[in-house]
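Just below is one structure, and these are the notes that go with it.
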């Protein structure tokens, strides 16, 4: 018997998305970004699905060292990059031992590299802040820091170079081009690989594609742009979040449903209860009208989302019954559409599922 709620992860979809990304960026290597438990899809589920498919992903991007070590212990031998870099000097021997690249974005990391005693140099990606103003060295700092990295015996040469876009999901926003130009202004004559494009850069700013692209949300079949869908770019949703009806009851006009008697039926209707709630990661603030997919149609959420359940207005003439499968998002109901209704982004929905949701990797 299948558990509910459950997230079904399609290996076929992940592989199809990898192939599509190669079509979109044919001259670049692909770094599959699998941080945050593979964007909620399961770290090893994703990595093993795309590590050896066709050419396979050329590398994997992680946020934390623990994620990289999990990939290594899971048998993934591809190139790994810590996108936030290392946090402690004691992390450095682990980078050497497990052949893990690191971003360097702050002078404190440079100091740790200069002071460490390592048996083998570490491969470094110098992050340049071209306008995101989160991590990275400013353009004014660049030359001095780059020279220190060149002089450091604990750093493998050449030094690789990267930046991160603030607005790449906005095709009409010239800020991304300004970031590209800023990056080129300080790196044009230097050796080493370059990585500028994230999913938004790959899709909407092809001129940002360099040696490596960092494919995050696109790998999972989702568009980074609000109001857009991955399917518009030939991408396939990799996750289907499913549950089932556990109650179907008739209610009269004026009956309230849920905590706070927040919603009242405007006419006689039939209410279904779905076994999923904010304890599973479905947002409590989902407003009335947020759709779920049931028996071939969109059905609106009514009342407040509870910890373990949410309620939907089936309509008085519906034939839905207890045990019927409910799709919260997936192929028939894009996660981007659900996110738009809720007032969030698809990234947040897929990454916030809790351990109560069973995750199953399908062929």
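From the backbone N, Cα and C atoms, a Cβ is placed for every residue, glycine too.
Under the heading active site, proton acceptor, Swiss-Prot lists 35, 259, citing sequence analysis as support. Sequence annotations record features per position, and here Swiss-Prot assigns N6-(pyridoxal phosphate)lysine to 35 based on sequence analysis. Annotation comment: Swiss-Prot describes 134, 307 as substrate binding site, evidence class sequence analysis.
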Please list residues from the chain of residue 307 (substrate binding site) whose Cβ is under 8 angstroms from its Cβ, counting only those at least six apart in sequence.
277, 278, 279
In whole Å, how far is residue 259 (active site, proton acceptor) from residue 35 (active site, proton acceptor) when you measure between their Cα atoms?
36
Identify which of the recorded positions 35, 134 has its Cβ surrounded by the largest number of other Cβ atoms within 10 Å, counting every protein chain shown.
35
If you count Cβ atoms within 10 Å of the Cβ of residue 259 (active site, proton acceptor), leaving out that atom itself, what do you get?
13
I want to verify one value. Collapsing DSSP to three states, which class is residue 35 (active site, proton acceptor)?
helix
May I ask you to report the DSSP-based helix, strand or coil state of residue 259 (active site, proton acceptor)?
helix
